[in-house]
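Pulled from TrEMBL, these are the features on record:
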DOMAIN    500-646  domain 'PTS EIIA type-2'
TRANSMEM  20-46  transmembrane segment
TRANSMEM  52-72  transmembrane segment
TRANSMEM  92-117  transmembrane segment
TRANSMEM  123-144  transmembrane segment
TRANSMEM  156-174  transmembrane segment
TRANSMEM  217-235  transmembrane segment
TRANSMEM  256-278  transmembrane segment
TRANSMEM  298-322  transmembrane segment
TRANSMEM  350-370  transmembrane segment
TRANSMEM  376-395  transmembrane segment
TRANSMEM  407-428  transmembrane segment
TRANSMEM  434-452  transmembrane segment
Amino acid sequence: MKSIRSSAGSSSDGRNRHKLGWIALFSLASGTMISSGIFILPGLAYSRLGSLAPLSYLLAGLVALMSSLALIELSTAMPKAGGDYFYITRSLGPMVGTIMGLLSWLALMLKTAFAIYGLAEMGYLFFGFPLQITALVLTLIFLLLNLAGTEGAVRFEIILVAVLLLIMLVYSLFGTIRWDGGIFQAGIEYMQNQLTLNSSGSGINGGINNGGPGSGFLRSIIATGAFVFVSYGGLLNVSTMAEEVKKPGKNIPRAILASVAVITFLYVAMVAVTSAVLPPELFSGSLTPIADGAFAMLGSAGLYVIAVASSLAFITTGNAGLMSASRYPLAMSRDGLLPRGISGENQKGIPVPALCTTAIFIGLSILIPLEALVKLASTVILISYMAVNIAVLVLRESGVRNYRPLFSLPGYPLVPVLSLVFMAIFLVELGISSVEILLLFAGGGLLIYLLYGKRQNSYEYAALHLVKNAVDNRLQNEGLETELRSILRNREQLSQDLTDRLLAEALTVDIDYRESVHGAFQMAGSRLAPKTGMTSEEITRLLEERESRFTTALTDFVSIPHILIPGRDEIHLVLLRDREGLYFDDSHPSIHAMFIIVGSEDRRDDHLKLIAGLAHVIQHKNFQDIWLSAESMNDLKDQLILLDRKRVE
C-alpha cells in the first residue's frame with residue numbers, strides 16, 4: 001500500500017499557512033454559528049418547549065462541547081486543510097473519507113447559500129432588489145473577497161463578528177432589564193398545554209411537533225436539542241482552516257472552547273429573555289423572533305438594530321462559509337479523490353480553483369428551493385461529529401506512533417463514547433426521512449469514489465493499523481507514519497536539515513544483548529555493503545582502524561564512528577542500538593547508541609554538518625530516554641527527526 005503523496009507534501013512551501021491566531025479562528029467559528037440558528041429557529045423551538053426552549057440550546061451546546069474536544073485533539077494532531085474530511089480519511093480510509101468529505105462540503109455550501117439567500121431577502125424587503133440576482137451578486141462579492149487573500153477575509157470577519165456579538169449582548173442585557181415574569185410563566189403554561197394536548201410521536205415531525213405526554217418532557221427537550229443542533233455546525237469550520245493556524249496547540253483549543261462557551265451563553269440568554277418579553281402567541285412559530293423581541297423592547301429602533309445584526313450574521317456566515325467550504329475540495333483533490341487541478345494555488349497560496357468551484361455550486365444552490373435540505377444539513381453535521389469521535393477512538397487504539405496531538409481529549413474513552421450516544425439519540429429524533437436523504441447523497445459519494453478516487457490512490461489509514469496489529473505488527477506499512485511525521489514537522493514549523501534527511505534514510509541495527517564493538521562494526525558493515533559497493537569486511541576493517549587510532553565514544557552512552565570511503569557522492573548513516581550495551585573499552589563498557597557515518601571525500605562538508613547535527617541530537621535532554629524507550633527503529637528515527645533542536649544548514 002503506497003503512502004500518501006500529496007496531502008502531506010502539498011503546499012509545503014507554507015505560503016498559505018500559519019497566519020491565523022485564536023481571535024481569527026474564534027471569529028470564523030462564531031461567524032458561521034450565529035445565523036438562522038438564533039434569528040429564525042428560536043420561534044420553532046419555543047413552539048415545542050415554551051419558555052423552557054433555552055434548555056434545548058443548552059443541551060445542544062453541551063453535546064457540541066463534548067464533540068468539540070475530539071475535534072480539538074484531531075486538529076492539533078493533524079492541522080491540515082479539509083478538517084474533518086482529512087481526519088476521517090486518515091483514520092477510517094479513503095472511501096469513508098470521500099463520502100464524508102462530499103457530504104460535509106455539501107452541508108457547508110447549503111448553509112452558506114441559505115445565509116446568502118437570507119441576506120438577499122433583506123435587500124428585497126428593504127430596497128426591493130431582485131432576490132436571486134442579488135444572491136448571485138453577493139456570492140460573487142464573497143468570492144472576490146476570499147480571492148483577495150485569507151488575511152483580508154479574516155480581518156473582515158473579525159470586525160463583523162465583534163459588532164454582532166456586541167449587539168447580541170446588548171439585546172440580552174435589555175431583555176434582562178425588561179424581564180416580565182408573567183410572560184415567562186405564560187410560556188411555561190403554554191409548554192405544559194402542548195405536552196398535554198399533542199399526541200406522542202417520534203422524530204422532528206412526531207417527537208417535536210407532537211411532543212405529548214407519551215414522548216414526555218425530557219423527550220421534547222432532546223428532540224428540540226436535535227433540531228437546533230445545526231446552530232453549532234460552525235465548529236467544523238475551524239478544523240478546515242487548521243492548516244493556516246499559528247501555534248495550533250494553543251490557538252485551536254482556545255478558539256473552539258471560547259466559541260462554544262460564548263455562543264451557547266448568548267443563545268440561551270437571548271432565547272430566555274425573548275421568552276420573557278414576547279407572549280406565547282407572538283413567539284411561537286415566529287420566523288423573526290429576535291426582531292419581534294427587539295420591537296417589543298425598543299420599538300422601531302430595536303427592530304432596525306436587529307435587522308442590521310441579522311444581516312451581519314448572514315454576511316459572516318456567507319464569508320466564512322465560502323472560505324471554509326472551499327477547503328474540502330482542496331484536501332480531496334490533494335489526495336487524488338477529485339481532479340488534481342482543484343488543489344492549485346496562486347502565488348499568494350490562495351486555493352483559487354477550490355474557491356471558484358465552491359462558489360459555483362453555492363450559486364447553483366441559490367437557484368433551487370433549500371427548505372428540503374435544511375434537515376439534511378443538520379443530519380450531516382451530526383454524522384460528521386460522530387465520525388470525528390470515531391476517528392479519535394481509532395487513532396488512539398491503532399498504535400500509530402506519530403499521532404501526537406498537542407491537546408489530548410480528557411476523560412478518554414468515556415467522553416467520545418458519550419458523545420456518540422447523545423448524537424445517535426439526536427439522529428433518531430431527527431427522523432427516518434433525514435437518514436434516507438443522507439443515504440442518497442452518501443451513495444453519490446460512494447459512486448464518485450468507486451469511479452474515480454479508488455483508481456487514483458490507495459492509502460494507509462489508522463483502522464488498517466488496528467487490523468495489522470491484531471494479525472502481525474510486522475505487516476505495518478510506514479505510509480501513514482511518514483505523512484504524520486511531515487504534518488508534525490509543519491505543525492511545529494521545523495525546518496529540515498541534512499541530519500533530518502539522513503536520519504530518515506538511515507540504515508538500522510537493533511539488538512537486545514551485549515555485543516562487542518567488533519561485532520557491532522560487522523553488523524554495520526553488512527548493512528552498508530550493498531549501498532557503497534564495498535565488501536562488509538572492508539567497511540569493518542576501516543571502522544576498526546579508525547577506532548584503534550582514537551576512540552569515537554563521546555560519552556558513556558553514545559559513540560559516533562565516522563570514516564571516509566572511496567567513490568563520489570557517497571554519504572550514509574547507520575543507527576545501531578544495543579539496549580544491553582556495547583563493550584568498547586574499560587572506560588566505556590556499555591555504549592547504547594552508535595551513529596556510524598561513512599562518506600566519500602567530495603562530501604566532506606556534509607560529513608562535518610552531519611556530525612554537528614548529531615551533536616545537537618545527543619545533547620537533547622530527552623535523547624537517552626527516547627533512544628532506549630522507542631518501540632522500534634522506525635519509531636526511534638521519527639522521534640529523533642522531530643526533536644526540537646538547532647538545525648545545521
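Along the chain as shown, residues are numbered 1 onward.
Positions of Cβ are set from backbone N, Cα and C atoms, glycine also.
Small disclaimer: the values here were computed from a predicted structure and weren't measured.
Here the transmembrane segment (20-46) lies next to the transmembrane segment (256-278) in space: the count of CB pairs under 8 Å, restricted to residues six or more apart, reaches at least 3. For the transmembrane segment (123-144), same-chain residues at least 6 beyond its ends with a Cβ under 8 Å from one of its own Cβ atoms are 113, 116-117, 307, 318-319, 322, 355-356, 359, 362-363, 366-367. Of the two recorded stretches, the transmembrane segment (256-278) lies close to the transmembrane segment (52-72), with three or more CB pairs under 8 Å once pairs fewer than 6 apart in sequence are set aside. Contact between the transmembrane segment (376-395) and the transmembrane segment (407-428) is supported by 3 or more Cβ pairs under 8 Å, counting only residues 6 or more apart in sequence. Counting Cβ pairs closer than 8 Å to the transmembrane segment (217-235), the top stretch among 52-72, 92-117, 298-322, 434-452 is 52-72. Tallying C-beta pairs under 8 angstroms between the transmembrane segment (434-452) and each of 52-72, 92-117, 298-322 places 92-117 first. By the Cβ criterion (under 8 Å, sequence separation of 6 or more), the transmembrane segment (52-72) is in contact with the transmembrane segment (407-428), since 3+ such pairs are found. Long-range contacts of the transmembrane segment (298-322) within its own chain (CB-CB distance under 8 A, at least 6 residues past either end) are made by residues 27-28, 30-32, 34-35, 38-39, 108-109, 111-112, 115-116, 118-119, 122, 126, 138-139, 142-143, 145-146, 153, 156-157, 160-161, 163-164, 167-168, 171, 174, 234, 237, 290-291, 355, 358-359, 362. Same-chain residues lying 6 or more positions outside the transmembrane segment (407-428) and placing a CB less than 8 Å from one of its CB atoms are 63, 66-67, 69-70, 72-73, 76, 202-203, 222, 225-226, 229, 249, 252-253, 379, 382-383, 385-386, 389-390, 392-393, 396, 434-435.
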